[in-house]
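Trainee: What TrEMBL shows for this protein is this:
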DOMAIN    14-106  domain 'Pyrroline-5-carboxylate reductase catalytic N-terminal'
TRANSMEM  204-227  transmembrane segment
TRANSMEM  247-271  transmembrane segment
DOMAIN    250-384  domain 'Ferric oxidoreductase'
TRANSMEM  292-312  transmembrane segment
TRANSMEM  345-367  transmembrane segment
TRANSMEM  388-409  transmembrane segment
TRANSMEM  415-439  transmembrane segment
Amino acid sequence: MNGIDVAYNNKHIIGVLGTGDFARAITKRLIMSGYSVYMGSRCTQDHKLAENDKTLEDAHVVSNHTCLTHTDIRILILAVPHHAIFTILQNYKDFLTDKILVDVSNRTEYDEAESLAEILADGFPEADVVKAFNTLSAYAIESDSFGGSRRVLIASNNRTASMSISELCHDMGFSTLNMGGLRNARELECRQLVLMSGWGVPTLFTFAVFFFWFAICAIEFGIFFGSHPEIKIPLGNLPLSALNKPVCLTAITLLALSYLPGCLASFLQICRGTKYKCFPHCMDRWLKSRKMLGLFALLFSCWHVMISAIILSPASMPEWYQHSHIHLPTNTTNFSFELSSRMNWIGETSISVGLLGLISMSILGLTSVPSISDTLNWQEWRFFQSKLGYMTLFLITAHVLVMAVPFWIKAPAFIAISIRFYCVLLPALVFLMKFLLLIPCVDRYLMKIRSGWERRKYHTHNNGYVHI
């Protein structure tokens, strides 16, 4: 029985080289998970770890020499700057045999050469080097209330060492993902140097769409006041009133563009008769940018709602309000003026539909957050991102049509030059394509292709037919 206890205790002794923020965070998590931790430090007398956190009272602060030569420590987490690791370990090569060295460092600049973990493995071949924890911050490791990803990516050339670190991570309450050999540590180290990966092109495209609609609205603005010189240009209202329309148009366009590539990809698969051919590069980038475009659409929608709430009045939106005439009799004539105080059906319907669209779009945005999407199964995620997504596009399109159609009925000649008309063309195209894809025979054919079936092509050969 004592032998079992000794083996258990040896397994649960971890060495952490360093006493910085990351070392303290990972030590605290290890102690809370039932491990005994030895923290290696150059100056053991100057550290008062327990002053700010009582959990660290159970940590053993020892010298680097003691931590590296401790025979019961098999896993050693190197929570020190990479340039200092070789200096510290150089004289202890004989004590590193069969130990697992966990490298948590990251590069400070992008480099496609060997990863820091590979360099460490080449310098100390007697030890098993594992790349782990470098994609998590000290706060993510220490805090139980951290809302982001707490998945540890592990890379190592030794499968047994990877499994040992994976088991350690599970004991600490983290999920893990095996990234293969140490060669893949290059990607893990460089990943921390990338700012908002995949957001560059969607961001530039979003600004392009916004400035396009802003230019169109500016042209319309200039034409209107140019043809009505008696009307004074309301310069004081330009910062919000003139900005509101292009913001709204940008939101609708971006949401439509986030669903259009899915429809185009479906028709392309139908035309090709297979799912095994790669999409064109531009379409592939477009498909991968759908989430970003949708989130930008949500951002612009919230922006539009806030501007509308500030400027909403009978003066800015007269077509949304009921008009009443008040007559004041005088000695010689009747004086009357028009008063707008209550909304009509156009205003109330437009606001109601718009708010429903914003609510459903907010739900779409929330379900795209990794911490929330990870809790959804495939059927639930598909319901939100597909069915609710098209419903959202329908609602915000209806929001525009409720305002535009009454005007089009009164002045049909102006439909062709109406900005709202051109705004709803793209959503209308998306709905038309989706309707065609929902036709039972088309839907069955597409599902057949996506299940792996391929349409065979027939060619003549020696007066006969062969299929390929």
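Indices start at 1 and increase along the chain as displayed.
Any Cβ shown, glycine's included, is placed from N, Cα and C.
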Trainee: Return yes if the transmembrane segment (204-227) and the transmembrane segment (415-439) have at least 3 CB pairs under 8 Å (sequence gap of 6 or more), otherwise no.
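Mentor: Yes, since the transmembrane segment (204-227) and the transmembrane segment (415-439) share at least 3 Cβ pairs closer than 8 Å, they count as touching.
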Trainee: Cβ under 8 Å to the transmembrane segment (247-271), counting only same-chain residues 6 or more beyond its ends: which ones?
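Mentor: Same-chain residues near the transmembrane segment (247-271) but 6 or more away: 206, 209-210, 213, 216-217, 279, 283, 286-287, 290-291, 293-294, 296-298, 300-301, 303-304, 307, 361, 389-390, 392-393, 396-397, 400, 419, 423-424, 426-427, 429-430, 433-434, 437, 442, 445-446, 449-450.
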Trainee: Do any residues, 6 or more residues outside the transmembrane segment (388-409), come within under 8 Å Cβ-to-Cβ of it, and if so which ones?
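Mentor: That would be 248, 251-252, 255-256, 258-259, 294, 301, 319, 346, 349-350, 353-354, 356-357, 360-361, 363-364, 415, 418, 420-421, 423-424, 427-428, 430-431, 434.
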Trainee: Averaged over the whole of the domain 'Ferric oxidoreductase' (250-384), what is the pLDDT?
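Mentor: The answer is 84, the mean pLDDT of the model over that range.
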Trainee: Looking only at the domain 'Pyrroline-5-carboxylate reductase catalytic N-terminal' (14-106), what are its DSSP counts of helix, strand and coil residues?
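Mentor: DSSP classes over the domain 'Pyrroline-5-carboxylate reductase catalytic N-terminal' (14-106) add up to 40 helix, 22 strand, 31 coil.
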